[in-house]
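Okay, structure first, notes after.
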Amino acid sequence: MTKVLFITANPNSAEGSFGMAVGEAFIEAYKNEHPQDEVVTIDLFNTTVPAIDADVFAAWGKFAAGEGFEALTEAQQQKVAAMNTNLETFMHADRYVFVTPMWNFSYPPVVKAYLDNLAIAGKTFKYTENGPVGLLEGKKALHIQATGGVYSEGAYAAVDFGRNHLKTVLGFIGVNETEYIAVEGMNANPEKAQEIKEAAIANARELAKRF
């Protein structure tokens, strides 16, 4: 059975978010096309996603010195445990659907923190004499991103940092098969906002058939 993680990073629901509306349309269509698959929702705004901080570095230092989990402080244990949970959940899935808004040319900070929980040497990638090699090959991902302007092409494509960073990190850990759906231009062309949303939903439903 294929396991799909529906990873969202938006404090708004589908009623208040173009991206979430498209994401939920995709998941609904996916479930209809693949009723045997398991879909798990991870709302990053309601999930413990530790940032890499002094506690985390201290914990890693203790592990490197040969000390065990019991040597960590309570704060270190809580953060490391949460990071491990996020990592293990991600590693044991087969498909990933990220739904994010663009905030100031990137995605919400919690997405970066989440990716930092995933890019762990010896778990999702390894170092070799020829450079790092991703360990999550054979998996695939979809990124649905909503932007007020148009960033998929033209002069502003170069500053779509969230899309580029997510694709780069996923590729680094071995997830090289990625799809992208842009829900864009709603603020630049408010009179076409509903049309843009409906077109993106149609695109998402079609993609769900072969994802």
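Placement of Cβ uses the backbone N, Cα and C atoms for every residue, glycine included.
Feature annotations, courtesy of Swiss-Prot:
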- Met102, Trp103, Asn104, Phe105: FMN binding site (BINDING)
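Of all Cβ atoms in the protein chains displayed, 9 besides its own lie within 10 Å of the Cβ of Asn104 (FMN binding site). Summary of the FMN site environment: with the site residues Met102, Trp103, Asn104, Phe105 set aside, the chain residues having Cβ atoms within 8 Å of the Cβ mean position are Pro101, Ser106, Tyr107, Thr147, Phe161, Gly162. Cβ neighbour count for Met102 (FMN binding site) (all protein chains, 10 Å cutoff from its Cβ): 23.
Summarising the environment of Phe105 (FMN binding site), the number of other Cβ atoms within 10 Å of its Cβ, over all protein chains shown, is 14.
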